[in-house]
Every structure is written in structure tokens, then in C-alpha cells.
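Chemist: Pulled from Swiss-Prot, these are the listed features:
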type	residues	note
TRANSMEM	8-28	transmembrane segment
TRANSMEM	38-58	transmembrane segment
DOMAIN	218-245	domain 'PLD phosphodiesterase 1'
ACT_SITE	His223	active site
ACT_SITE	Lys225	active site
ACT_SITE	Asp230	active site
DOMAIN	392-419	domain 'PLD phosphodiesterase 2'
ACT_SITE	His397	active site
ACT_SITE	Lys399	active site
ACT_SITE	Asp404	active site
Amino acid sequence: MDYHSPYFFGYLLGLIHLLGIVAALHAVFTVRTAQGAIAWAMPLFFIPYLTLIPYLVFGARSFYAYIKARRQANHEMHVAMANLNWRPWVEEALTARESESYAALRAMPKLSRMPCLANNQVKLLINGQATFDAIFAAIEKARDVVLVQFFIIHDDTLGKALQQLLLRKAAEGVQVFVLYDRVGSHALPASYSQVLRDGGVQIHAFATRRGWFNRFQVNFRNHRKIVVVDGLVGFIGGHNVGDEYLGKHPQLSPWRDTHVQISGPVLACLQESFAEDWYWATRQLPPLILPDAYPDNGVLCQALASGPADPQETCSLFFLEAIHSATRRVWITSPYFIPDEAVFAALRLAVLRGVDVRVLIPSRPDHRIVYAASSLFAFEAVRAGVRVFRYQPGFLHQKVVLVDDDVSAIGSANLDNRSFRLNFEITLLTVDRSFADQVEHMLNDDFEQAREITAEDSRDTHRLQQLGMRIARLISPIL
């Protein structure tokens with residue numbers, strides 16, 4: 001072919017537009033939501049030379065083969081666990097069903113694959129220092145098995161401290177398993193993992209599928225943060241492993257985040273969630289430990305593990321159920337506020353029912369496009385009667401929901417489409433007034449350090465900023 005021919009450029013543009021039409025049709029047939037399909041199809045049709053490559057990286061939602069493979073792996077894992085008598089939860093599950101507060105969340109028993117269980121102990125861990133002090137102290141006491149899973153692990157001061165601790169426990173004969181997300185931890189050097197492997201730690205990356213093409217996929221990430229030590233103590237929440245989570249990022253410091261420490265029968269659910277992800281990555285089961293006995297009292301907890309391979313959109317349905325069940329208040333904190341139409345409508349309806357609806361979001365951006373889209377949704381929420389606050393001291397990264405007087409949820413799920421439909425997430429639902437009071441006290445402290453967004457803020461926003469926000473919202477279904 002004569003690349004200098006005057007027709008070559010025209011042929012090339014024609015081919016790109018043809019590929020754009022094919023990709024647009026692909027998006028229409030495969031993207032789960034109408035908003036997402038439109039957000040992809042229109043630019044693919046009109047400006048494919050700008051959107052084809054981003055669609056290959058961020059879109060390509062026909063992951064039916066991937067979803068089928070993930071479900072098959074989960075099935076194989078549970079078959080392998082069948083002989084372990086892994087769910088001796090009858091008494092704890094029956095006790096949980098008697099709770100009136102949990103009964104108000106009528107969809108939860110069927111929404112989660114794991115039951116609500118009684119007789120757990122929970123402890124609120126506010127910010128990075130308290131969280132990692134508790135995690136490191138628990139690992140120090142490990143005797144048998146340590147399970148560690150994070151979306152992000154950095155090879156910095158905190159990451160190296162975790163590495164050395166895990167190496168020391170492995171040298172003592174403890175079985176150590178580490179799982180991290182390949183995209184979230186893209187900056188983690190291979191030498192970090194190799195040092196752990198050489199020291200006897202089993203470490204693997206969570207990837208979507210094998211193959212050259214899929215290495216460019218950034219969807220279907222594993223956003224979960226789980227640590228379980230000897231089946232006796234566990235941790236989940238919003239922190240990853242990096243110095244910024246200790247407030248050492250100058251532009252985002254102080255970092256505001258929340259974790260929860262857990263003991264009791266619900267730890268079996270955390271281990272089961274880890275086992276599913278580990279089995280997907282390795283086709284092997286990690287050791288799973290149940291204590292000989294549980295305490296006779298404690299709080300009700302339910303682990304809500306969600307992901308794109310679920311038969312239904314577990315994460316978004318949880319937010320809907322939590323908001324619809326509220327009779328007095330629903331407070332939500334999230335670093336990203338990009339609700340879909342159903343969740344946004346639920347928030348508006350809650351306001352009309354007289355519920356105290358509050359949303360706490362950051363005042364500083366870590367992703368500018370997401371921040372712009374969040375800002376527009378915040379302005380619209382304020383006009384609908386939702387009280388929206390911006391946390392002032394530093395970057396807010398916690399993911400917390402408080403419903404009425406008894407129900408709270410802390411985990412890894414953000415209030416955005418990525419958590420709703422693309423990421424693997426885990427949230428701990430707790431039904432207990434005393435713990436909810438602690439969460440309320442924590443959030444009240446946050447609100448005192450926040451500035452409430454007003455209708456005037458929207459009117460005072462420059463038109464160019466408003467235009468940027470609206471463009472960001474157009475692509476919000478694919479953010």
C-alpha cells in the first residue's frame with residue numbers, strides 16, 4: 001500500500017469510523033446501564049479517533065466469558081470447601097433473624113450470599129495510625145495463618161514495614177498469604193513481591209483474565225481490604241497500604257479514613273471472601289480457620305461481599321435498601337459522590353419522607369474529573385433537600401453509612417458506579433446501638449470540621465466550571 005497516497009488518510013479515517021460504529025454497537029449491547037451505554041456509544045460514533053483506545057482500556061464490557069469464569073471458579077472453590085463444615089452458623093444466624101433493626105433491612109438476607117450472624121465484637125479504628133497499629137499488633141501475635149488483601153500496596157515506609165513483619169512471621173512458621181490488585185498496585189516493583197516469596201510468603205496479584213489484551217483492562221478491579229489473623233481477629237475498611245494513609249501526602253494530608261476490627265463468627269465470612277479471590281488468582285484454597293467456640297454475646301454483623309460476577313448488582317442494591325429502610329436518618333460518607341439514577345432518587349425520596357439525609361465528601365480532589373462530577377451531583381442533591389458537606393482538614397476517604405439508631409456499614413465501597421458495578425468490594429454491616437452511637441459520634445466530629453454546601457455555591461460557580469462539571473457528569477457512568 002502506498003502510504004503517501006492522498007487516499008490513504010481517507011481510508012484510515014474511514015476504517016477508524018467503521019471500528020467506532022462497531023464499538024458503539026458493542027457498547028449498546030454490553031454496557032449494563034442505559035446511561036453508560038450512551039456515554040460510550042455517542043463519542044465512539046462521532047469521535048472514534050479519540051475514544052476507541054479509552055474504550056478498549058475502560059470499556060469492553062462484554063466480559064461474559066470473564067464473569068462465567070469467575071462464577072465457575074467460585075463454584076469450584078465452594079465445592080472444595082464442602083467437606084470442611086465451614087458454615088456452623090445455625091445458632092448465630094437464628095439469633096440475628098430475631099433483630100427488629102435487621103428485619104427492617106428486608107432484602108439483606110437474600111441480597112448477601114453470607115448470613116447476618118450474632119455474637120461478634122467490633123472496634124472502630126479512626127484514621128491510619130490507629131488502623132495499622134491494630135493490624136500490626138494482631139499480625140505480631142499470629143501463630144498459624146495470616147491473610148492479607150489490599151487494593152493498593154506501596155513500596156514505601158509503611159509498605160516496607162508490612163513486608164518485614166510478614167517476613168518475620170513466615171520465618172516463625174506462620175503461613176502468610178498476600179493478595180493485591182494488579183492495577184491498584186501498578187507502582188509496586190516486582191522486587192517487593194519477590195523478597196516476600198523468597199522469605200516464604202505466598203503473594204499473588206489479582207488480575208481479570210490472562211492474555212495480552214486483558215493486561216490493559218482497568219475494570220473489574222479488586223478493591224477489597226481484608227486482614228484476618230488465625231481466624232480470630234480481622235479488619236476491613238477504607239485504608240490501603242501506603243504512607244499517604246498515615247497522612248504523609250502533602251497535598252491530601254491529613255488523610256481521613258476508617259477501618260473496623262472484628263472478632264467472632266463473621267470472620268468466617270471474611271475468610272470465605274478472601275478464599276474466593278485467592279482461588280481465582282491461584283486455583284488453590286488458603287487455610288481457613290474456625291475457633292473451637294464463639295462468645296455467647298456480642299453484636300450482629302453481616303459481611304457483604306459484592307462484585308461484577310454477582311447475579312445482581314449487590315453493592316448498588318445495598319445502598320438502595322439502606323436508604324429506603326431509613327425512617328429517621330441516613331448519613332453517608334464517601335470520597336466520590338456519583339450516584340446512579342436509582343440511588344439519587346432514593347435519596348430524594350428519603351428527604352420527602354422527612355429523613356435526615358446527609359452526605360459527607362472531600363473538599364480536595366484526588367481525581368479531578370471525578371471531583372467535578374461529584375460537585376455537580378452535590379449541587380443537585382442540595383437542591384433536592386439533601387444536606388451535603390465538604391470535609392475541610394484534608395482528604396476524606398472513608399466509606400461509612402449510618403442508618404437510624406442501630407445500623408452502620410463500614411467497608412471499601414464508594415458511592416459511585418465503579419463500586420456499584422465494576423469493582424469487587426466488601427462491607428461490614430453492623431446492627432448494634434452502642435456501635436452505631438460510636439459511629440454517630442465519629443461522624444458528628446467530621447461534620448463539625450466540614451462546610452455545608454449551599455444553593456448559593458452552585459449559583460456562584462463560574463460558568464466554565466459548570467460546563468466542566470456537566471461534561472464530567474456525562475461520562476460519570478464510565479468513571
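Glycine is treated like the rest: Cβ placed from N, Cα and C.
Quantities reported herein were computed from a predicted structural model and do not represent experimental measurements.
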Chemist: Under 8 Å between C-beta atoms and at least six apart in sequence, can you list the same-chain neighbours of Lys399 (active site), or say none if there are none?
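Modeler: Those within reach of Lys399 (active site), by Cβ under 8 Å and sequence separation of 6 or more, are Gly237, Gly238, Thr258, Thr333, Ser334, Pro335, Ile410, Gly411, Ser412, Ala413, Asn414, Leu415, Thr427.
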Chemist: Roughly how many angstrom lie between the C-alpha atoms of Asp404 (active site) and His397 (active site)?
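Modeler: Distance between the two Cα atoms comes out at 22 Å.
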Chemist: Express the predicted model's confidence over the domain 'PLD phosphodiesterase 2' (392-419) as a mean pLDDT, rounded to an integer.
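Modeler: Summing pLDDT over the domain 'PLD phosphodiesterase 2' (392-419) and dividing by its length gives 97.
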Chemist: What are the helix, strand and coil residue counts for the domain 'PLD phosphodiesterase 2' (392-419) according to DSSP?
Modeler: 3 helix, 11 strand, 14 coil
Chemist: His397 (active site) to His223 (active site): how many Å between their Cα atoms?
Modeler: 13
Chemist: Of His223, Lys225, the active-site residues given in the record, which has the fewest other CB atoms within 10 A of its CB?
Modeler: Lys225
Chemist: Three states by DSSP: which one describes His223 (active site)?
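Modeler: Reduced to three states, the DSSP call for His223 (active site) is coil.
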Chemist: So how many other Cβ atoms are close to Asp404 (active site), meaning within 10 Å of its Cβ?
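Modeler: A count of 19.
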Chemist: Would you kindly give the Cα-Cα distance separating His223 (active site) and Asp230 (active site), rounded to the nearest Å?
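Modeler: His223 (active site) has its Cα 23 Å from the Cα of Asp230 (active site).
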Chemist: Between Asp230, His397, which of the active-site residues has its C-beta surrounded by the fewest other C-beta atoms within 10 Å?
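Modeler: Ranked by other Cβ atoms within 10 Å, the active-site residues Asp230, His397 bottom out at Asp230.
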